[in-house]
């Protein structure tokens, strides 16, 4: 690995993509690429973060993000400690602020936060001395997911992002993944399209740097990749469509839809995915699918982020 500070990494926290420069993005991608090969070793361990403590504070359910952060930390020899809201003092009425200050008193180097409230990561970052990494806050942002999505495409496209077209289809209104991906893909020179029912388009989307569609057959024409999103029923406070079956008839990605995309178009999904609602089961394990590649990419990207924050930070 590179010597300390070679990246001139100047960030205390990772809250969203818009704080990163294009140089930062490529530092993350190149570091992830270097670390990715360790995942195929018999012994998947590096001593890089020995002696560092990482707290995974997850106040929302998670499989992929939590486990991949834990594996990422352990593969770099850090000590990772998991805290769930359901088993923390939050259940006894303790505030997020007091819980965070309690954790800080234990001298962690990084707190990785997943929370249902938009802005929770910024709140902790302003409060705490240690680094805070946003692992998803409400509808707001999920920067490491966007980075691993781009890393998955980078392994296929190389540096040839400029002029590519990517469609994001599904519940874009309630998706933090959508928001972070729109920012990152635009930074990479990609033209982004969104496709949702009108009731599931984000507020103010007309001001986003995207093309907006409500017809999947039209939206998918000629695209280089499709990112499918789950319908987030747990975030819906009212009905946005007649039924899940009616939604699937119009917005479930099928092989027929994909025939209108570029021949080598890739299919992605941040997970968890709903077969037959977000996309057809037959697409999940095809050569065009990067869905399980994204899971592997998540480990490498999160290793890279932990490495940069804990060994290359000049602050």
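In case you wondered, yes, glycine gets a Cβ from its N, Cα and C as well.
Annotated in Swiss-Prot:
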type	residues	note
BINDING	64, 65, 114, 142, 145, 271, 272	carbamoyl phosphate binding site
BINDING	92, 176, 230	L-aspartate binding site
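Taking a C-beta cut-off of under 8 angstroms and a sequence separation of 6 or more, residue 272 (carbamoyl phosphate binding site) has the following same-chain neighbours: 63, 64, 230. Distance noted between the C-alpha atoms of residue 145 (carbamoyl phosphate binding site) and residue 176 (L-aspartate binding site) is 9 Å.
With 64, 65, 114, 142, 145, 271, 272 listed as the residues that bind carbamoyl phosphate, the site has a largest C-alpha separation of 16 Å.
Taking the binding-site residues 64, 114, 142, 176 in turn, the residue surrounded by the fewest other Cβ atoms inside 10 Å of its Cβ turns out to be 64. The separation of residue 176 (L-aspartate binding site) from residue 65 (carbamoyl phosphate binding site), Cα to Cα, is 14 Å.
Reported as a whole number, the C-alpha separation between residue 114 (carbamoyl phosphate binding site) and residue 176 (L-aspartate binding site) equals 12 Å. DSSP assigns residue 271 (carbamoyl phosphate binding site) to coil in the three-state reduction, placing it in neither a helix nor a strand. Annotation note: residue 114 (carbamoyl phosphate binding site) sits in a strand segment as assigned by DSSP. If you measure from the Cα atom of residue 271 (carbamoyl phosphate binding site) to that of residue 176 (L-aspartate binding site), you get 13 Å. All protein chains included, residue 230 (L-aspartate binding site) registers 20 other Cβ atoms within 10 Å of its own Cβ. Its Cβ placed at the centre, residue 271 (carbamoyl phosphate binding site) has 18 other Cβ atoms within 10 Å. Rounded to the nearest whole angstrom, the C-alpha distance between residue 142 (carbamoyl phosphate binding site) and residue 176 (L-aspartate binding site) is 6.
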